[in-house]
């Protein structure tokens with residue numbers, strides 16, 4: 001089942017467009033009348049308060065856990081909900097290839113957590129959707145029928161919930177990278193800012209690129225200064241009145257887990273990405289490339305007994321930090337071409353504005369249309385109305401004062 005309206009290639013690339021939600025079967029069309037017959041406008045006019053909750057079931061592994069994100073506050077709109085993160089033990093759904101039914105059952109903990117946060121009266125109009133990434137992409141290449149059975153199983157569980165199920169989808173690598181790019185620039189306020197009483201778009205040069213590494217793939221996404229020559233790696237979208245064309249590419253089987261599988265012949269890792277490895281090695285403070293290189297090699301050359309004694313309580317992940325550190329260093333330096341002068345431009349971050357960085361938030365924003373295509377105008381209109389009301393109040397007050405003065409003078413003459 002497709003959970004997002006992600007349209008096909010356009011001029012060699014592909015376009016990310018927001019999904020226009022459909023009424024739930026059997027519940028009638030509960031959308032406002034202005035939205036029912038206007039596909040283009042429906043995304044804009046029934047977001048708030050009609051969708052006060054969104055439940056993307058995001059199977060992102062974080063040290064053996066995965067995240068559920070039931071809501072957030074959006075710039076350029078009325079205050080929404082705080083972002084709520086729940087952690088639930090368990091592997092990704094692709095690990096249930098031999099028993100797809102368990103993949104569906106594995107979501108019940110996250111689903112129950114979400115239902116506890118959404119008032120019962122609003123659950124029927126609250127969308128829930130699932131996005132899967134590289135683990136499922138790999139499984140689909142190996143055994144498409146198993147991947148299809150897993151999506152069917154998770155769709156059955158989510159479809160039976162009181163929430164409005166919008167579908168389960170395996171994201172392409174390009175989409176995963178593009179959604180990460182949307183997330184980080186959205187959270188950093190690089191897409192739109194509020195200044196001097198109006199919403200403005202920051203200068204194009206303030207946009208940042210996104211480097212993401214999961215267990216089975218690694219993604220890079222950025223806005224190049226020149227044209228994108230390989231249009232199969234181009235994604236375009238329209239946000240806040242601006243067209244964006246980004247380079248996005250995913251390298252399947254080059255995530256940390258897959259590299260370790262090649263090196264160690266069967267070892268399985270629960271999580272991996274740039275931040276956790278470089279954070280462990282204390283290399284997230286923009287140290288020079290030479291320092292990073294020396295630190296990684298120094299760690300790898302330590303006697304194992306000394307490593308165990310230096311990091312008590314971290315035995316589970318210790319065997320993998322050397323291999324993953326060397327791999328990430330090689331990928332960034334020799335693969336992506338970061339050198340001594342450009343290395344400090346990389347920021348290894350887990351969060352931005354207090355929210356985890358990853359593809360899930362960008363996926364939700366795109367899927368629900370919560371980032372409007374045009375610059376929000378309601379705040380400017382509101383400011384104008386307040387200003388006009390203030391002027392009218394002053395004028396009426398002056399008229400009343402002058403009238404009272406005239407009456408008072410006439411009264412004195414009498």
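Glycine is treated like the rest: Cβ placed from N, Cα and C.
According to TrEMBL, the feature region 'Disordered' maps to 1-33.
The Cβ neighbour count for residue 176 (active site, proton acceptor), using a 10 Å radius over every protein chain in view, is 28. Per TrEMBL, active site, proton acceptor is recorded for 176.
Secondary structure from DSSP puts residue 219 (ATP binding site) in a beta strand. Residues or ranges marked as ATP binding site in TrEMBL: 215, 216, 217, 218, 219.
Per TrEMBL, transmembrane segment is recorded for 386-411.
A simple way to gauge crowding: the CB of residue 219 (ATP binding site) has 28 other CB atoms within 10 angstroms, across all the protein chains here.
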